[in-house]
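Colleague: Sharing the record's features from Swiss-Prot:
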type     : residues     : note
DISULFID : CYS45-CYS110 : disulfide bond
DOMAIN   : 24-117       : domain 'Ig-like'
REGION   : 23-45        : region 'Framework-1'
REGION   : 57-71        : region 'Framework-2'
REGION   : 72-78        : region 'Complementarity-determining-2'
REGION   : 79-110       : region 'Framework-3'
REGION   : 111-117      : region 'Complementarity-determining-3'
SIGNAL   : 1-22         : signal peptide
Amino acid sequence: MDMMVPAQLLGLLLLWFPGSRCDIQMTQSPSSVSASVGDRVTITCRASQGISSWLAWYQQKPGKAPKLLIYAASSLQSGVPSRFSGSGSGTDFTLTISSLQPEDFATYYCQQANSFP
């Protein structure tokens, strides 16, 4: 028998981060997503000015430190499942979860950054 996990909110925050040369505003959309296990989820992030590929995506769960998922816009951090992917350059970026899993219900952040590990 198939079991449905109740839809939960993937909280997305509108965040503002300082850039290396001047202040760059990062805006995520949508502000929240109602989704179920197995869904394809797409989150977009727009920079107020071009940042090339200097964009990272983080996942944060309550009481935990943020976890780096994607760096340099599209590079998957070691150990992160391949269902996560990133794309974009310049001002428009996307994080995609190809098939949402129960452990993916969390808050996701984009961040402009001028260096990556």
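Cβ atoms here come from the backbone N, Cα and C positions, even for glycine.
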Colleague: Which residues, given as numbers and ranges, are at least 6 beyond the ends of the region 'Framework-3' (79-110) yet have a Cβ under 8 Å from it?
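Modeller: Hits for the region 'Framework-3' (79-110): 5, 8-13, 15, 26, 28, 35-53, 55-61, 66, 68-70, 73.
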Colleague: So how many other Cβ atoms are close to CYS110 (disulfide bond), meaning within 10 Å of its Cβ?
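Modeller: Total other Cβ atoms inside 10 Å, all chains included: 28.
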Colleague: Take every residue in the region 'Complementarity-determining-3' (111-117), average their pLDDT values, and give the whole-number result.
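Modeller: So the average pLDDT across the region 'Complementarity-determining-3' (111-117) works out to 73.
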Colleague: How many other Cβ atoms sit within 10 Å of the Cβ of CYS45 (disulfide bond)?
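Modeller: Around CYS45 (disulfide bond), other Cβ atoms within 10 Å: 26.
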